[in-house]
Amino acid sequence: MYRETDITLKNTVIYISGHTVRLQVQSVDKPLYRGTFHCFQSIIRQESMFGLYKGIGSPMMGLTFINAIVFGVQGNTMRMLGEDTPMNQFLAGAAAGTIQCVICCPMELAKTRMQMQGTGEKKSSSRKVYKNSLDCLARIYQREGLRGVNRGMVTTLIRETPGFGVYFLAYDLLTRSLGCEPEDPYMIPKLLFAGGMSGIASWLSTYPVDVIKSRLQADGVGGKYQYSSIMDCTRKSIQREGWRVFTRGLTSTLLRAFPVNAATFATVTLFLLHVRPIYSCAPRPSDKSAP
């Protein structure tokens, strides 16, 4: 139930993610977009409204499994750790983030490649390399094998492990400090605020890594490779664009982060509140019942 709601909400704002990838990987010498809203306008003008949803197939296929893994692993890890403390929330979140990378990395690779194909070209004149997300992954596997499908896995792990730790830690701290309880008439607004701010905190803590991950996963589009490793990508990016490279696309990411994560955490918490009557505002997966 809550997972279906989460997917729908994420798909509603997934176009902003497309902005982020294009802004992160565009050439500094010949930039196509001046910023988030210029990128949005350009995509609609050149590729129609459908251009905003390039790569949506991959998230639609993967988000159900990712959410199931994240909240399932986090809940089981909390039960193993026993005590419900902020540090244990961080550790449980980090464990969940690590494990879901198995699905997250190939999913984001396909999404990135689909979003980058035909960038800056008119819809009528652009040549499609990939038909859909599955075709994209299949073609990458044929050319580069399993290693190609998992391109960017290390950077994904570096991003997701601490990122999800911060995610659950921030939500736990915020819901505790807000003091919301089931009988609180302002419980839902508090849940939405805590979830949204947790998403923002998570992205801010790992965003520079996401820039490098996106560049590595987009590298090779058109058959030309620029980077040989994570350090090579980082070094070249800083040399050409300075430290500001690590904030490329941040605006669009934060615009997406608040509503998506507000809805996600509020929906999960309310669902658990419904199935477990004795339940406080923040998820307490360390309880004996399943999360």
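Numbers here mean position along the shown chain, with the first residue as 1.
Cβ atoms here come from the backbone N, Cα and C positions, even for glycine.
No curator has checked TrEMBL annotations; they are predicted automatically.
A quick note: this is a predicted structure, and the numbers were derived from the prediction, not measured.
Annotated in TrEMBL:
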type	residues	note
REPEAT	5-80	repeat 'Solcar'
REPEAT	84-177	repeat 'Solcar'
REPEAT	189-274	repeat 'Solcar'
TRANSMEM	51-70	transmembrane segment
TRANSMEM	90-110	transmembrane segment
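Per-residue pLDDT, averaged over the repeat 'Solcar' (84-177), rounds to 88. For the repeat 'Solcar' (189-274), the number of residues in each DSSP class (helix H, G, I; strand E, B; coil) is 72 helix, 0 strand, 14 coil.
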